[in-house]
Amino acid sequence: MLYKGDTLYLDWLEDGIAELVFDAPGSVNKLDTATVASLGEAIGVLEQQSDLKGLLLRSNKAAFIVGADITEFLSLFLVPEEQLSQWLHFANSVFNRLEDLPVPTIAAVNGYALGGGCECVLATDYRLATPDLRIGLPETKLGIMPGFGGSVRMPRMLGADSALEIIAAGKDVGADQALKIGLVDGVVKAEKLVEGAKAVLRQAINGDLDWKAKRQPKLEPLKLSKIEATMSFTIAKGMVAQTAGKHYPAPITAVKTIEAAARFGREEALNLENKSFVPLAHTNEARALVGIFLNDQYVKGKAKKLTKDVETPKQAAVLGAGIMGGGIAYQSAWKGVPVVMKDINDKSLTLGMTEAAKLLNKQLERGKIDGLKLAGVISTIHPTLDYAGFDRVDVVVEAVVENPKVKKAVLAETEQKVRPDTVLASNTSTIPISELANALERPENFCGMHFFNPVHRMPLVEIIRGEKSSDETIAKVVAWASKMGKTPIVVNDCPGFFVNRVLFPYFAGFSQLLRDGADFRKIDKVMEKQFGWPMGPAYLLDVVGIDTAHHAQAVMAAGFPQRMQKDYRDAIDALFDANRFGQKNGLGFWRYKEDSKGKPKKEEDAAVEDLLAEVSQPKRDFSEEEIIARMMIPMVNEVVRCLEEGIIATPAEADMALVYGLGFPPFHGGAFRWLDTLGSAKYLDMAQQYQHLGPLYEVPEGLRNKARHNEPYYPPVEPARPVGDLKTA
């Protein structure tokens, strides 16, 4: 054994060839600060070996290196800029020394090589991979950019266009694509990986492969003519500006850095990468996006822990076909759980099957599946007008009309047709689960399972625990949601549960602004362009359906009369009374016509102004700051109330439900991350300016206490140790 650290070791493999093996405790390898330091020590040992002829890097895990240890990021991001820059220089000196070894090097890459893992293998001369490879640089999705030389080496290896596509989008690619673009040199079966890598090394050692020529382009300026460079970087900057926008500085910074570094050799180019990385790491956007990643891990880990003692349902059923039922049936079948889809008429069943078939055909068109796979999946969806097969199902989700009487009747009837241990769930979006449970003989086997539309795209499923829902019931439904590829978050029961309960105060803020003379177009523009929502409130109401919102608004007002009962007729009432239900009937805040692709396209409609004039004061202008404050304060206050009342368990789960269920702008990180970034005292000052608008603007006492003591909702993070300590971590 030449060297042994906590996460890697170095040993002779055969005559003159050494192997450096990543083998961290636990299930995966991460390139954390300690591993970088250990790698530097191992390379120091190699530099002393006079009889070294070649080096092979590999992993003892199912994945090579899954990336940096993101749990370290928030503390690293608090390190002063100069210290963070010093540590990056140290880390890059390690990879430079790996790259500069006077012998050929190869990485035998299996599974994931992401982020720092990818940057590590870019420093070797050759890369051999297994078919399950996923390799790439996802850093821009975390609000930063590659910091271990990825933005320098990848463009020089692949060419600017291919590298920009991966780096700016935070992409990873599979084995075939990696081979095609030159990111790896070969793909072999897993059992032949090490032997194959040794064979390549022997060829390089014997002079059959020119490893020095392979290495040289990574040390030099990027080989691009002035015209090629102008075209590549101009196109890349335009595309990034269009897709990422101003709220995500990392992608455009990465492109500009690669452009600036193109004319320099390795050392100067790495200095430019360092100078770009450090300021990005100190942005609120990076903290928010890293926070989302960590919250996502926490939420998924919680679901895994919850379901460890239950069996995932093997057969499911959906009550009520149509778009929603068909979407749920498709998602279940697509992920391997056969499903019975029941409705009371053929027309709805046809609609549900058509929806499932349409989604599968899209997968076929994209080349994700072949005709055989399509036929196999669709054959596991069984449409029926009766309860045939219900005696075999493990879980049933009801997705009928949003009417408590209808839902109770359907659920009570279904309960008589299934096994005593079958779990029933309702896809209701607003009706309290405990109320629906009153119709059942076995309420302990019942809970809520709120999907979001469109089901195949929206990651969140709210799992609602009723007063009598058993732990096993919740666990089974969480297991099914996880199997469907969704992110389940368990909430306690109340009208609207969590997501809709906090959404409707936001709509109330919108209605009050319209009442006071604001223009709905400006509100939408501000909330989309300035705050960052994917849709403004008017457009969102048109998409959700104004009839749906009108009904849900009444349910929420009955559930929370003190805050959500309004004493005036609002824009939603006016449009509903005029039979303007949004995209579903082509008339809402806008008029809708289908474009060439069959998608609804909004157009101005003068009739809306007349309708809104009946429920609004004369038009007047509002500042962007006031629009954002009046829209967001009611929502954030309600989010805080949900935490204080135990409707949602943690700030992390609340923020993920908002991001995954409503599209809360990820660069803000969710309501609690936004609050912590803004500061609770500053938020309180802002909210107090609007207290006169009513109870929705009254800040909950718990938040007032946070403001008084300057306490955040997320646990405070300590800065990482000084850079000298990090080197020897």
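The backbone N, Cα and C atoms fix where each Cβ goes, glycine too.
Segment annotation: Swiss-Prot labels region 'Disordered' over residues 708-729 (candidates 246-267, 708-729). For the NAD(+) site, Swiss-Prot records Met324, Asp343, Val400, Val401, Glu402, Lys407, Asn453, and the single candidate of Ser379, Ser429, Ser434, Ser482 listed with them is Ser429. When Swiss-Prot records Asp296, Asn500 as binding substrate, the matching candidate from Tyr126, Tyr387, Tyr592, Tyr660 it lists for that site is Tyr660.
Checked against Asp343 (NAD(+) binding site), the recorded positions Glu119, Asp296, His450, Tyr660 differ in C-alpha distance, with His450 being the nearest. Geometry remark: Glu119 (site 'Important for catalytic activity') versus Met324 (NAD(+) binding site), CA distance 43 Å.
When the neighbouring Cβ atoms lying within 10 Å are counted for each of the binding-site residues (Met324, Val400, Val401), the highest count belongs to Val400. If you measure from the Cα atom of Tyr660 (substrate binding site) to that of Asn453 (NAD(+) binding site), you get 12 Å. Annotation note: Asn453 (NAD(+) binding site) sits in a coil segment as assigned by DSSP. Considering only the recorded positions Glu139, Asp296, His450, Asn500, the residue whose Cα is spatially closest to the Cα of Val400 (NAD(+) binding site) is His450.
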